[in-house]
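Report on one structure; see the data block that follows.
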Amino acid sequence: MGTITTEPAAPLLAVRGLRVEYEPGRAAVDGVDLDLKPGEIVALVGESGSGKTTLARSILGLLPATARIAAGSIDFDGTDLAGLTEKQLTRIRGRRIGLVPQDPGASLDPVRTIGSQVAEVFRLHRDGRRRTRRELRAEVIRLLTMVGIDRPEERLRQYPHELSGGLKQRVLIAIGFSLRPQVLIADEPTSALDVTVQRTVLEVFDRLAKEFGTAVVFVTHDLAVATDHADRIVVMRGGRIREDRAVAEILSRPEDEYTVRLLAEAAPARAAAPAASAEEGGPAPAFALEARGLVKVFGRGGIEHRAVDAVSFGVRPGTTFSLVGESGSGKSTTARMLMRLLDPTEGSVLVDGRDVTGLDGRGKRDLWRTLQLVYQNPDSALDPRLRIRDIIAEPLLNFGLGDRAARRERVAELLEQVNLPDHAAAARPMELSGGQRQRVAIARALALGAKALVLDEALSALDVLTQAQILALLQELQRELKLTYLFISHDLHVVERISDQVGVMRGGRLVETGPTAGIFGDPQHEYTRLLLDSNPGHRLRGLAGATNH
Amino acid sequence: MGRYVALRIGQALLVVWLAYTVIFLAVQLLPGDPVTIFLSTDAAVDQATIDNMKRQYGYDQPLPVQYFAQLGGLLHGDVGYSLASGEPVAARIGGVIGSTLALALSAFATAVGLALAVVAAATLTRSAALRKLLTNLPPLFAAVPVFWLGLVLLELLSIRWGVMSLFPDGSFLSLAVPVFVLGVHVSAPIAQVLLKSIDTVYNQPFIDVLRAKGASAAWIFFHHALKNAAGPAATITGITVGTLLAGSVITETVFARSGLGAVVLQAVTTQDVPLVQGLVLLTATVFVAVNLLVDLLYPLLDPRILKSNGQGSPRALGV
Amino acid sequence: MTLQFNETETTTTTTAGPVRGAARRAGAGRARLWLTAVPLLLVLCWALFPALFSWQDPIAGVGAEKFQPPSGGHWFGTDHLGRDVYTRVVHGTSQTLLTAGLAVLVGLVAGTAVGLAAATAGRAADAATMRLVDVLLAVPGFLISLIVVTAFEPGPVSLGVGVGIASIASFARVVRSEVLRVRNLDFVEAAFLSGGTYRTVILRHILPNATGPVLALLAVDLGAAILAISGLGFLGFGAPPPTPEWGLLIAEGRQYLGSAWWMTSLPGLVIVATVVLLAGLGRQLLKIFRF
């Protein structure tokens, strides 16, 4: 590859000194230069707020109404896109620059059929050609087949809600590629999909880009995905480009300090076996948390759905057990049954060897003093109207523990434990960042002295570096307070770092359980292998492996 | 699909029956029976006349008998007899409903047209000032009392400029002005809901995808946004049936038109209970029928409704 | 530490991100709130201390001054008995506002009870109460008020109750949907996990978080009640004649449409302004209380 600046080929797209503002004086993208050559795949990588989406959208002229290009140019094949009117842009969009959006679930018009939405592109860009209905239909079927959609004739008359997320994203890819644009903007195209689906969808994407020679701007927060699919990586932070180099170079010789940190998080040396003390030595201690033959059947009458089917496992005190699986695998339902928020259809739940399946309201209230839950989304898990100190003190108040002063002291202690500054106590949730809010949620869970935490996708809503910080906090707390964790996640990467034991779920069943090293190093079940294989970051792991050993 | 339709129709029938029952019970809550109330304004009536009339109208029967007799009558289209005129209630209402229906239907069409025009213009205009002005129109429309707008227009058109007669004479203006006045009033809730749901639609990612396909603002509005926003608007449109009726009564009074309005006012002031009962039942039935229609059409606007829940009506999803 | 960035990016599953740049917008919102609230407070003061804001007698007129157009001495002109129309509007405020307030109170209390019951007392109770709400919706509120007013003694109380009954349905629906929305939020479940009881969770979390839309409806419904009451007053079902009441004022003016336009137009404008301001207040309350 060689350095970009000396490359002779003229760029197809050249962004120069771009500055985008949402409010005067506050730039979301500031002084950005970016080149895109024909057929090249460039990944824009960064955390939320880095400006990567704003940059990508300004190329399409799709900035929100409040945003404004304050300076700079976007040169595309001789025209400055930044200076075009909306009307002129409509002739370029879809035909010469396409988009594959972030959230397939909401990116198709819910009240129009798939067929009409794919055909729409041809209606919008007639190019002097009037296609008959029959021609259109054939064209649409050809496109749907191209992206690997089965039974395309049937799909024409279906509505988006009748298709799975993966299929919807394929439809959107078909729309994006339909007129063979020179440039395609892919905005987090697979972050809403399960890993196995993500892999197949990205395969289609790569194949088409190569086949049509389309240049792609691939926006993602996931460095692992970026390194697997892009030729070049552009790391953004705070509206500026931190590093812009070919994948191989950035992997082997990252220069920017921020890139180095991102890479470190994306490809960690295999977790240094966290406190495996409980594993061996002496008689096996009782499980802190145990599921015995749990079954949950939803629905009544005709349509029954076994969301969880005969799931049994145990978590030893002071260790972490992770349940991994894709959406719909039943892992969250299992967690809710363990929490006793949901009654199992069959089976039992044991906490510290005591059967808690039959507990009534009061019994559960006592159970929750030692067993607590941390939610995925810290936004909705904290009452927006209350101050942080009142949120953390609520369990104490409910159980009438201590007087005002004592509660205050305990709140201060908990804040310190989760590494939040004192003054956070007076803030309201909206004034904190996502990571800080998750710390508050953890503090509340620990307020009554819980011994076991169920963490339901507790890191999934956070940025990579924030994830790493919360992860470190969880490990520290586990060591200090001898906590037992049941960790629910779809993210293999995080699971590998935190767990002692891992259980893999699919379709309501626990298909494989074992120590982390075993599951990741020597998976027995075919599905576990598929899951690990789909996990992005192959190049990253290859390189990390090469440098580590 | 079949389940959805059956459920909706069943619910509609249930509501009509409940409405009948509630009205029947409400009448029993009145101080005294209908005949006594009706004749109470007349000092010269003796007990014998009252008893005689009670017997005639069946108000001397035990309550359950009255309840089922009236219900049975209803099933045969018999809504009872007016105490004031002795005429069948159905005939009394049927005689005047034509003119009211004409007013209400044209006003309704005007309202829908006006709401669509305001919302389309507000969405598609490039001028921020014009958009602000247009989006503030519906709340203003909602705040204008029907009778006041009618009177102001009468004052201007008839008295100041003399282009319209004070009383209905069949001329274009004497027909169009009442329709306009009522139309403005009814358009307010429709336009407000439509504006709000259009706003929600434009915040969804698929709008960006459409723009990225190269669709123009007008294309997006007419091909996609409108159909997406139509559901909630259709629901509120169904609910405006009540507003339409109340507005008709007042509009008819202001413009001295004959119609249901006069009957309603007369029935209420003379405390002609069977006539009032008939009117209430009629409006409730019309309301339920229109909203049933909206519910049944809803899946055509939004196919998701069939899948998401067979339970609640789209109305239950909140307006 | 907080993201002050007005960014539209969302990574992974963050959907309900914090409202960014909220502080700056809140300032503008506050100014607008005052612009709405101050005139409304003025109207409230008219109702409470009418004598402070008007100088003439609302009931007894000066015969020599009848049918005078608006002027410095008579802002809204005078009527057929030589009474100052502005004075009558000011003095009519209490009648209109009191009746409308009663109506809203009836709607709020009964509607909240019905809505809460529907949302919390199980599926059967929900179905039953919502069908009853359907019945209430099906009969036009106008007709309900009309019947209540005539069936019982005409006057502000029966008028208020009648109009109030008509607004029970909308309160019940808003309360129900808000409680259902809030009840499904994670923090409510977390409150139970923290040892909260049914009562403490409803009082501490569900009701406070559901108040925004209810407050907003309260303002809007007050406007609707004023309209309904003045409409009924116009038809002659309100307060008896010498009492000034907004709808009645317009009805009186109707007979002199040809000679004294101000008798209908100006009191009507006061109604329009009040209702528009109330609707605006409702929208702003909704924004303030939305999290």
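Including glycine, each Cβ sits where the backbone N, Cα and C put it.
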The annotated transmembrane segment range in TrEMBL, which must be one of B:210-232, B:233-255: B:233-255
Most Cβ pairs under 8 Å with the transmembrane segment (B:101-125), selected from B:12-30, B:137-159, B:171-195, B:233-255, B:275-298: B:171-195
Distal contacts, the transmembrane segment (B:171-195) - CB-CB under 8 A, six or more residues away: 103-104, 106-112, 114-116, 118-119, 122, 135, 137-139, 141-142, 144, 146, 149-150, 153-154, 157, 163-165, 229, 232-233, 235-237, 239-240, 243-244, 247-248, 251-252, 254-255, 257, 319
Surrounding residues of the transmembrane segment (B:137-159) on its own chain - C-beta under 8 Å, 6+ positions past either end: 115, 118, 165-166, 173, 177-178, 180-182, 184-185, 187-189, 191-192, 195, 247, 250-251, 253-255
